[in-house]
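These features come from TrEMBL:
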- 1-34: region 'Disordered' (REGION)
- 13-27: compositional bias 'Pro residues' (COMPBIAS)
- 62-82: transmembrane segment (TRANSMEM)
- 94-112: transmembrane segment (TRANSMEM)
- 118-137: transmembrane segment (TRANSMEM)
- 158-176: transmembrane segment (TRANSMEM)
- 182-201: transmembrane segment (TRANSMEM)
- 206-223: transmembrane segment (TRANSMEM)
- 243-264: transmembrane segment (TRANSMEM)
- 385-407: transmembrane segment (TRANSMEM)
- 413-432: transmembrane segment (TRANSMEM)
- 444-462: transmembrane segment (TRANSMEM)
- 482-502: transmembrane segment (TRANSMEM)
Amino acid sequence: MGETENHQHHHPPPPQVVAPPAAPPPNFALSRGPTWTPAEQLHQLQYCIHSNPSWPQALLLAFQHFIVNLGTTVLIASTMVPRMGGNHGDKARVIQVLLFMSGINTLLQTLIGSRLPTVMGVSFAYTLPLLSIINDYTDEAFGTEHDRFVRSIRTIQGSLIVASFVNIILGYSRAWGELTRFFTPIVMVPVVCLVGLGLFARGFPLLGNCVEIGLPMLILLIISQQYLKRVHSRAHLILERFALLICIGIVWAFAAILTVSGAYNNVKTATKLSCRTDRSYLMSSAPWIKIPYPFQWGTPIFRASHVFGMIGAALVSSAESTATFFAAARLSGATAPPAHVLSRSIGLQGIGMLLEGLFGSLVGTTASVENVGLLGLTHIGSRRVVQISTGFMIFFSIFGKFGAFFASIPLPIFAAIYCILLGIVAACGITFIQFANSNSMRNIYVLGVSLFLGLSIPQYFVMNTTGDGHGPVRTNAGWFNSILNTFFSSPATVATVVGTVLDNTLEAKQVDDRGIPWWKPFQHSKGDARTEEFYSYPLRINEYIPTRFL
């Protein structure tokens, strides 16, 4: 018993077993697939901004850009010229001037402006000031309707000339670039999205005017460009790059067959205008050769009440161009354009507007959203392709009969194309969210409010604008009405204002949430090594330009 007690007394206590630390719960999100790192440049482009396809391909791709730009040009001329009192001959001459100025301004922008592959096309921001001018002359007595048209376009000339100096001053004083320093990736998402989505009226609503032509075009383009290209490696190359031209040719021929066979003989006038291939009357009325020249309609007429409306439109087109430049940079493999590049591009847009006023253009130009979408569709962001397209624009503006042949393509065919191209630009805007914190409730709030108001406010203004251009803002000051009605009818402009104000006044928990660390280097000329590569002037022009303009 004692031995047992002694044995128990000397026996050491059993060691305590420490439980191992609990394993962290598995991250199921990571186990389901990879997470994508942000990419400053898109890597699936076949040719980026400074690489070039072969000359035959470049010519075909450039012609494609010309065709896409032609649709918007014909649309605005067909809408406005008859309301101004112009005949088919006047419409043909207006289209020639618009094409000519598009070519000149695109060449200037790609050489000494933004340096991005952006076509400078007609801007619908000028619609309200145009309607205001048309309305003023409706009640006056003229000898003929043609006299009323000439008087209207001379007034437009004067307004464009004066308003152009706003853009020139904003650009070359570098004020516009300083304003863009308030932008962040959070602001760019709604702004670039809405520069595409805001033009939805040019999509299916226009296509619906002739469904039997527009819908086959839309379906054929999607199937041939996205599905049939998988059939053969050779077909992949051809269809990815040139499906647009092939589909236009097929559906245009189909529309011509329907026209000749009498399918539209007993339909409403509006349907005939949309569907028939012979209703534009451009082939019969366009001159064989006509070179646009300054003051071809007569001396400009300057009226203060109309100038302010044009100034509003000039500001709107600048905001829309800025959004389009960011989309173009993304879809051409360039980095985001820095402040000094945006300043000089807007200043040059003002010079282009001055030239449009001198040459008697119907509206000012802006960076064409549709053509930027074409960069994404073809995966070719080459600057040279867009520069070659200016040759087509200038050629077809001088040789009117040839240009009129392509201008007779029914508008629902263009509308089907825009359904895809504008969607690509809108989706491009969404990609900017990768550089900011998409899980931040603050960012979700800014994005949501900017997107919704950017669509909702302009829709209210459009719905409450009368046929003669009177919008919901109706004070005793006509100039004030013109500026505000034009300003708030632009989705991209409203999104720019709302997004910039909210993003710069609401406090972020972390600086990184807004994407500032990524964004900041691209705002300065020396902030990123690639900026010089993409945006420097050609042929060492910068050596002869004062540094304050660089």
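The chain as shown is numbered from 1 upward.
Positions of Cβ are set from backbone N, Cα and C atoms, glycine also.
In summary, the transmembrane segment (385-407) does not lie against the transmembrane segment (206-223): fewer than three C-beta pairs, each 6 or more positions apart in sequence, are under 8 Å.
Contact between the transmembrane segment (206-223) and the transmembrane segment (94-112) does not hold: fewer than three of their C-beta pairs are under 8 Å, each pair 6 or more apart in sequence.
Within the same chain, residues 124, 320, 322-324, 326-327, 369, 373, 418, 422-430, 432-436, 443, 446-447, 450-451, 454-455, 458, 490-492, 494-496, 498-500, 503-504, 514-516, 518-519 sit at least 6 positions outside the transmembrane segment (182-201) and bring their C-beta atoms closer than 8 Å to a C-beta of that stretch. Against the transmembrane segment (94-112), stretch 118-137 shows more Cβ pairs under 8 Å than any other of 118-137, 158-176, 413-432. For the transmembrane segment (413-432), the residues of the chain that approach it from at least six positions outside its boundaries are 68, 71-72, 74-75, 185, 188-197, 199-200, 202-207, 209, 213-215, 217-218, 221-222, 244, 248, 251-252, 255, 323-324, 326-327, 330-331, 369-374, 376-377, 515, judged by C-beta separation under 8 angstroms.
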